[in-house]
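S.K.: Summarising the annotation, TrEMBL assigns transmembrane segment to 21-42, 62-82, 94-114, 120-141, 148-169, 181-200, 221-237, 243-262, 269-289, 301-322, 334-352, 358-379.
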Amino acid sequence: MQIQEPRQPQGFALFNLGFRPFFLFSALSGVLLMLHWLMLLGQGHTTYNYYLISQYWHGHEMLFGYSIAVIAGFLLTAVRNWTSIQTPYGKTLAGLFFIWLAARILPVISEFAVAIPGSIIAAVDLSFLPLVALSIGVPIVKSGNYRNLVFIGILVAMTVANLLIHLQLLGLTDNTLASGMQLSLGLIVLVMAVMGGRVIPFFTERAMAFEARKYNWIEKSVIPLAAAWLLAGLFGFELITSLLALVNAVIHFIRVAGWFKARMVRNHLIWILHVAYLFIPIGFAMEALSGFTAVSPYLAIHAYAAGAIGSMTLGMMARVSLGHTARPLKVTKTTVIAFILMMLAGLIRAFLPLIPELYNMAIHASGGLWILAWILFLIPYTPILLKSRVDGQFG
């Protein structure tokens, strides 16, 4: 089935395809959400109206604000390619985007301006993921592209995780917020493992002209082992969770090592994805370590978040934005610097707090580097995401 190319005037192209608004505004949110978080910390602002405490707001927004925007933009774009069926664009895409944006703005308005009922904040936020799932689910089913139904399942599970968070914030349940946060982070790690396993070796092989080493037993075990780790953690089986984290660490270290080629360090769009994926086994290893030692589990959380999510989203957004606007896969010097800063942000946030005296420094240094990385990304990519494809096609 061929994509029916919509007719659209050349010029402003923000709502031509899903990656455009969600990549642009996830990058902006990467700056603003982190800046707001650092300001809250600096001011000792510990409460946060609907989200109760500022730490809950930070965790929720980095997962369901920033991270989900990138995933939504990627899936709305990729499903169009996978199925050859047009995904939302124009007014429909704009409506989807403004729901996401409203969910980010309403809690801030409620905290600093006019109180907004929590039920409204929750309803707006909870509506986004089901609409994304519907937007990609219809073309997947119509085309018989059933292999990718896994992403519908992940989006539904993410909605459940978000619901668990909002139920406690609304006072309807006790002790479900932590489970919702844990489930959502674990699901995002799973998304990175699945998509990373597909695209990173593929991109590397094309760029480096070599065949990546893959182990069939590893490829078959990635999803079951990650799912077992996630479920064990949710049900509070601490020893089993730690052991599964250790197994996952070994599996993913072997997996990413098989994709490595020394000369890839000269290709910036390749090495940043390898670094990003490497943070996944680092996170698993640190989680296993926290289960058997006094090491804080928050270090593993930020290896996944500041490390894997930060570098993976930055690298994928840089590549997808170029490829889907028909531009050469070459990045500017500012983008390369952004890659380096993001990698350092992840390393600092994951490892520097091992020295307790440097904990506060680690938070602010990592956050500052994260903000600067996204600013440097936005300099070349804002016009790319706003303007039409250079080949004149729609998208």
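From the backbone N, Cα and C atoms, a Cβ is placed for every residue, glycine too.
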S.K.: Thinking of Cβ pairs under 8 Å, which stretch from 21-42, 94-114, 243-262, 269-289 has the most of them with the transmembrane segment (120-141)?
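M.R.: Most Cβ pairs under 8 Å with the transmembrane segment (120-141) come from 94-114.
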S.K.: Where, among 21-42, 148-169, 243-262, do we find the most CB pairs under 8 A to the transmembrane segment (269-289)?
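M.R.: Between the candidates 21-42, 148-169, 243-262, the best contact partner of the transmembrane segment (269-289) is 243-262.
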S.K.: I'd like to know if the transmembrane segment (181-200) touches the transmembrane segment (21-42) in this structure, counting it as a touch only when three or more C-beta pairs sit under 8 Å and are separated by 6 or more positions.
M.R.: no
S.K.: Can you find at least 3 Cβ pairs under 8 Å between the transmembrane segment (181-200) and the transmembrane segment (358-379), where each pair is 6 or more residues apart in sequence?
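M.R.: Answer no: the transmembrane segment (181-200) and the transmembrane segment (358-379) share fewer than 3 Cβ pairs below 8 Å.
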